[in-house]
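Heads up: the structure comes next, in structure tokens.
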Amino acid sequence: MVAKLEQLIAQTILQGFDAQYGRFLEVTAGAQHRFEQADWHAVQQAMKKRIHLYDHHVGLVVEQLKYITDQRHFDVEFLARVKEIYTGLLPDYPRFEIAESFFNSVYCRLFKHRDLTPDKLFVFSSQPERRFREIPRPLARDFIPKGDLSGMLQMVLNDLSLRLPWENLSRDIDYIVMAIRQAFTDEQLASAHFQIANELFYRNKAAWLVGKLRLNGDIYPFLLPIHHNESGELFIDTCLTSKAEASIVFGFARSYFMVYVPLPAAMVEWLREILPGKSTAELYTAIGCQKHGKTESYREYLAFIHQSSEQFIIAPGVKGMVMLVFTLPSFDRVFKVIKDQFAPQKEVTQARVLECYQLVKEHDRVGRMADTQEYENFVIDKHRISPELLAELQHEVPEKLEDLGDKIVIKHLYMERRMTPLNLYMEQADDQQLKDAIEEYGNAIKQLAAANIFPGDMLFKNFGVTRHGRVVFYDYDEICYMTEVNFRDIPPPRYPEDEMASEPWYSVSPNDVFPEEFRHFLCSDRKVRHFFEEMHGDLFQASYWRGLQQRIRDGHVEDVFAYRRKQRFSQRALN
């Protein structure tokens, strides 16, 4: 009877995963229709819905198992046998690696994230040699120009499944040919071989054609973002052929793509050639398998810990008033723990901080907010923690610590991509770098605001600079929707003495924001003030912010470009 129960539990979990991934594919398959209908609000809702599917189905399976087992507690041997039986169901299973993550999630939900050991759940994959094997159905089609690049592109684009007419396809093809010829020599292009993914990658208001360009043994990305105009006609906005550009398109600060992937491991392996700087975790996350991306992130962390003797240290930069942040000197991620007590000037609660981080997970991050992975009962060997960090942990987060003697358990933390704090970057920057950083910072604020996100605390220390020089927001404890804020002009003083008073001469409500004050705390440095006024002086005007609010209330969804505006074909035509 017990053996049958173990079998039933294993099969119930796998069937639950089948149901979840089926719904995942169903929501994803609707991306083309939403794009063709220009139903951008439905795009946003589908993104949130797909993110919630995973936890919803984990919850359904957990309730089933509680009913099946009558909520009995099982010993270690029983749980190990369930995992063994589950593993035996996976050898011919097409998505076994994500099924392993689903098993982990069910286990963690049942046992409150306790006893996370390899004998009970899939800390490591059961079949690492099978993860990126050959697949029966090709993911891409091959095209060779044979001296007629324009003709080949015509064939590629006419072969797409999109059912809308083109605005001016021959014009767009001319632009693509021009971009390719500017990027590569005739000698390189003589051996050109294109591989075009069968499925389009949908995100925001664009459908991306994703391909590879093979030239004399070298491989380059070939990315075409397809948009529509107001008449419902298609146009291609640019052509990207560098790995740095592709890395930004698939960046950790962007929403997940909607791409139909019955075999995600195969897609991850296919993408790896054009995104060599992306980890396995980042690639799974980019195509919407963010929960498995979390599993892979943890495995990458374990691999680093195993190969390194570094100690965890307090992260460089200004210490936060809400979060304690630490890292490993050579690791590309940071760890963030919500403090037990906040600084007096922070009027937020622990629950509100958790809500803010969840909001960021579900919202369109427009390339300006870092994605995070959330972990519970995170175990660290005590000897790997520097004395300074250990003291900081014991002082700032004692309620979230459990001391096991040789190990420390942190009950809740976030893992996030490591960046250079913007304030530290600006201190070391030359004039051109400083100007570029201010331009990026202002663009980040404006793009977040257009996506209905107000950062709250806009100090430079709350932003980071990526390896591609992009500025990304990463301090979420004060974020809110733009539509919740009351942007006000500062009233003129009643008397000359008003300006000298320590208290304002006007009333201030909790949601009031005075953009004129931004100049005071952002522009104390003369050079910074000059660059800011030159490029983003409108951020100091309440009317600018109110105008954005009105566009949001009117239902307008802004375009989000994963490349600079000057790279758009429409901008080239103007120049």
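Backbone N, Cα and C define each Cβ position, glycine as well.
Keep in mind that this is a model prediction, so the values were computed, not measured.
Feature annotation from Swiss-Prot assigns active site to D371; the stated evidence is sequence analysis. The DSSP secondary structure for D371 (active site) is coil.
Annotation source Swiss-Prot lists ATP binding site at A315, P316, G317, V318, K319, G320, M321, K336. For the recorded site, K319 (ATP binding site), the DSSP three-state label reads coil. Counted within 10 Å of its Cβ, the other Cβ atoms near K319 (ATP binding site) come to 14, all protein chains included.
Residue environment of D371 (active site) contains 22 other Cβ atoms, counted within 10 Å of its Cβ in all protein chains. Within its own chain, M321 (ATP binding site) has K339, F342, A343, Q345, K346 as residues 6 or more apart in sequence whose C-beta sits under 8 angstroms from its own.
Residues within less than 8 Å, Cβ to Cβ, of A315 (ATP binding site) and separated from it by at least 6 positions along the same chain comprise V325, F326, T327, V334. Per the record's binding annotation for ATP, residues A315, P316, G317, V318, K319, G320, M321, K336 show a top Cα-Cα distance of 15 Å. When Cβ neighbours within 10 Å are tallied across all protein chains shown, the highest count among the binding-site residues G317, G320 belongs to G320.
Taking a C-beta cut-off of under 8 angstroms and a sequence separation of 6 or more, V318 (ATP binding site) has the following same-chain neighbours: P421, N423, K461.
A straight line from the CA of D371 (active site) to the CA of G320 (ATP binding site) spans 19 Å.
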